[in-house]
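Enquirer: Just dropping this structure here.
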Ligand code: G4P
């Protein structure tokens, strides 16, 4: 399947980020824990060079916990600061503040040498659409925050959320549009729901997801749709999707399977976590989409 994208939005979003990046010390980069490499936009390296960086593996609750840990190691081994979080429930957010201090140690020391004491770190949240930027800002800032800037007649421009004495957050996140020459990346972003279904062939997408699940998480299919007998008899993705249609009563004209509806149900079940905690890429190779069977982190 060829996943198409609209480059039109990109330039505007990029320009806004370039403006805002000048104002900040730290970039908080949100990645989707289910697809940490595919949800990463490489432009951020160029845009954010010379800035401290903190990676948040968000939606960690939807991803395979053992693979989350493997990704944490992956990023740490590459010199990144990284915390896994669930922006929706707030899990993991408490660990962020000390890591921010650590990530910005150079800036804090530099300030101190210049006699500037207690200047808060200014941070911007960035990430691809739907990764959870707004949810994160709301949960992290909580109720205790106060907005500064943009007071009538005083300052115009960026609005800052004062989290505490040490940290201020830009209240508008930077949107990075996903980048994918690699169709595998596009497919994974579509599977997690970052690309609108209207521009996709959902049946093909569901079949790809089934193929992946049959290989890595067959028990998820078995459990959710009671497919033990069907999977024992064979693992043809089309047959599996038909079984989902059967189990869920997706029929057209009385007896034919409504495959489109079944595909929608399967994708929805995956995206919402009802299929279980499933990660779509593993950190055993730098090549996105390629996994060697010998180094499945779930087997460790
Ligand atoms: P964005 O600003 O980056 O575009 O993303 P946004 O915060 O709008 O979040 C997109 C969706 O992801 C929201 O769901 C949000 O609740 C969900 N989300 C964000 N962080 C997490 C997380 O850590 N775990 C889980 N499970 N979900 C998360 P929605 O369906 O659009 O809204 P709602 O049903 O939650 O109201």
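Keep in mind that glycine also has a Cβ here, set from the backbone N, Cα and C atoms.
Take a look at what TrEMBL says about it:
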- 10-178: domain 'CP-type G' (DOMAIN)
- 58, 59, 60, 61, 130, 131, 132, 133, 134, 135, 174: GTP binding site (BINDING)
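I'd like to know what surrounds each of these features in this structure.
Expert: Summarising model confidence by region, the domain 'CP-type G' (10-178) averages a pLDDT of 89.
Within 10 Å of the C-beta of residue 130 (GTP binding site) there are 19 other C-beta atoms, taking all protein chains into account. For the recorded site, residue 130 (GTP binding site), the DSSP three-state label reads coil.
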Enquirer: For the binding-site residues listed here (58, 134), which one has the lowest count of neighbouring CB atoms within 10 Å of its own CB?
Expert: 134
Enquirer: Taking only the binding-site residues 58, 134, 174, which have a CB closer than 6 angstroms to any atom that belongs to ligand 1?
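Expert: Within range of ligand 1: 58, 134.
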Enquirer: Give the number of CB atoms, excluding that of residue 132 (GTP binding site) itself, located within 10 Å of its CB.
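Expert: Its Cβ has 22 other Cβ atoms within 10 Å.
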